[in-house]
Amino acid sequence: EFMALRLENGTNCSGRLQVFYNGMWGSVCSNSMTPETVSLACKELGCGDRGSLETQEPYGRLSGTAWLDRVECGQRNSSFWQCPSAPWDPQSCDDLRDETHITCKGSQPETPPAPMAACPSAPSCTDREKIGAVGGEKGCSGRVEVWHRGSWGTVCDDSWDMRDAQVACRQLGCGPAVSALAEAAFGEGSGPIWLEQVECRGTEPSLQDCWARPGDSGACRHKEDAAVIC
């Protein structure tokens, strides 16, 4: 099912680590927290590949949900979601001192490739270079554009949902998705429509790894261009 990470009550790449599970945000407890766990959390958030655990002083009973404890990532884990942990439990932390606060290093997302400019390392572009967000702020919101067959094109909004947006935001290096938008919310594109009926599980590293129909059927128009806010 859909899961995501966020940092709450801080800056974009520093704050209280929370996980979205079973329709609800909850804390991650810091018992047995390894440096690899912090690094993989930062990577999942699009905030660089290293970070530090902050020591907090508050004391008191935890009033909200706390999903995870004893998350122990190791060097063999390549994703936060692969790491072993105690069983999922909405009351995982005993008190506020157990909540995980982290600060990620090297935290700013890279600038995505400018739309309609060639992918920088064509023809062997990385996943990161094959996507852009156009018309929003700081390259982390806007119309989704993908690089394919030597040119930029858009994604049709048919079946476009938060799982698809989650993959797009991760590929952009922009952290979790906030909104999956339809009907050319950031304006209409002008190139090809490369993808239709995108059906991501939410865990794929890029939109190109998701199931989709080729967008050249003529069934979609640019007034249906998909967009994201990360």
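Each position is counted from 1, following the chain as shown.
Cβ coordinates are placed from backbone N, Cα and C, and glycine is handled just like the others.
Whatever TrEMBL says is automated annotation, not expert-curated.
Feature annotation from TrEMBL assigns domain 'SRCR' to 5-105 (among others).
Positions annotated as disulfide bond by TrEMBL: Cys29-Cys93 (among others). Other Cβ atoms within 10 Å of the Cβ of Cys93 (disulfide bond) number 24 in total over all chains.
In sequence order, Glu36, Thr37, Leu40, Val71, Glu72, Cys73, Gly74, Asn77 make up the list of same-chain residues 6 or more apart from Cys83 (disulfide bond) whose Cβ falls under 8 Å from its Cβ. For Cys73-Cys83 (among others), the entry in TrEMBL reads disulfide bond.
Marked as domain 'SRCR' by TrEMBL: 131-230 (among others).
Taken from TrEMBL, the feature disulfide bond applies to Cys156-Cys220 (among others). Less than 8 angstroms from the CB of Cys220 (disulfide bond) sit Cys156, Asp157, Asp158, Ile193, Glu196, each of them six or more residues away in the same chain.
Applying an 8 A CB threshold to same-chain residues 6+ apart, the list for Cys230 (disulfide bond) reads Gly46, Ala133, Cys140, Ser141, Ala165, Ala168, Cys169, Leu172, Cys174, Gly175, Pro176, Ala177, Val178. Residues or ranges marked as disulfide bond in TrEMBL: Cys169-Cys230 (among others).
Counting only same-chain residues at least 6 apart in sequence, those with a Cβ under 8 Å from the Cβ of Cys210 (disulfide bond) are Asp164, Val167, Val198, Glu199, Cys200, Arg201, Glu204. The disulfide bond annotation in TrEMBL covers Cys200-Cys210 (among others).
Less than 8 angstroms from the CB of Cys29 (disulfide bond) sit Ala66, Leu68, Asp69, Arg70, Ser92, Cys93, Asp98, Glu99, Thr100, each of them six or more residues away in the same chain.
The domain 'SRCR' (131-230): residue composition by secondary structure is 17 helix, 37 strand, 46 coil, according to DSSP.
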